[in-house]
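> What follows is a single structure, and I will ask about it in a moment.
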Amino acid sequence: MKLSIGIFFGGLFGALGILIYLVAFGSDYWLLAKEIEKCSENQETGDNATHSVLLHHEGFFWRCWFNHAEEENSNTMENFWFTNQAPTKNCTHAYLSPFPQNRDNSNSTSYHSALVYRGFWNIFMLLGVVTAVIGGFLIICAAPFTNHRIYKAGGGLFITSGILFALVVVMHVFWVQSVSDIKGYTDTRQQDCSQFTVYVSFGWSFMLAPFGIFFCLFAGMLFLLVGHTIHVHTK
């Protein structure tokens, strides 16, 4: 009875972890950015002034951007909801042009360093998703049997995927805080527009990832415990 409960909750947490991984992997909202350029003439002033801003959102596959008119004190996160986005937007492959890097600067050292860092980030995320999915298939195959090795292998894969995705989250934090060189990008743009500002924040794809990590790690520990229990009782 206790073994069945462990298998049930392990399967439940594992399924939730895989689902969250797939959503975070497939959605392009790991990074949100807003560029405001107040250098044009006849610019409105005041707390409720409306400005034309450029919004970016980026994930594993794509980096997209679109123009949006908003008030100075508006909530940036709300502007990225599908219902609030522009009818058309421009997109490019994120691994070739991660924000704020641009392929026009392909000869610069910072661009190549960003691509290398981004490449490792992509690899860790892809490995995390694949490892969790394979672990899920192993557990499904182990369900009709009492083979402790399959349960332990599945549990180990879930824990490995949790560690890989934890590295993805940590690397993304470092990317936003230092590697992407937001300050250098802002300084460069301010040479042409002294009132240029850029705001960068973590998107909901990033915020989902820790929940997937928790579920996969917990599922992995449960399946390791199930495998150990089966092994003890079959001796």
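From the backbone N, Cα and C atoms, a Cβ is placed for every residue, glycine too.
A quick note: this is a predicted structure, and the numbers were derived from the prediction, not measured.
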> Would you say whether Swiss-Prot puts Phe99 on the same side of the membrane as Tyr185?
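Yes, same side.
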> State the non-local partners of the topological domain 'Cytoplasmic' (144-155) in its own chain: residues 6+ outside its ends, Cβ under 8 Å from one of its Cβ atoms.
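For the topological domain 'Cytoplasmic' (144-155), the far contacts come to 10, 135-136, 138, 219-228, 230-231, 234.
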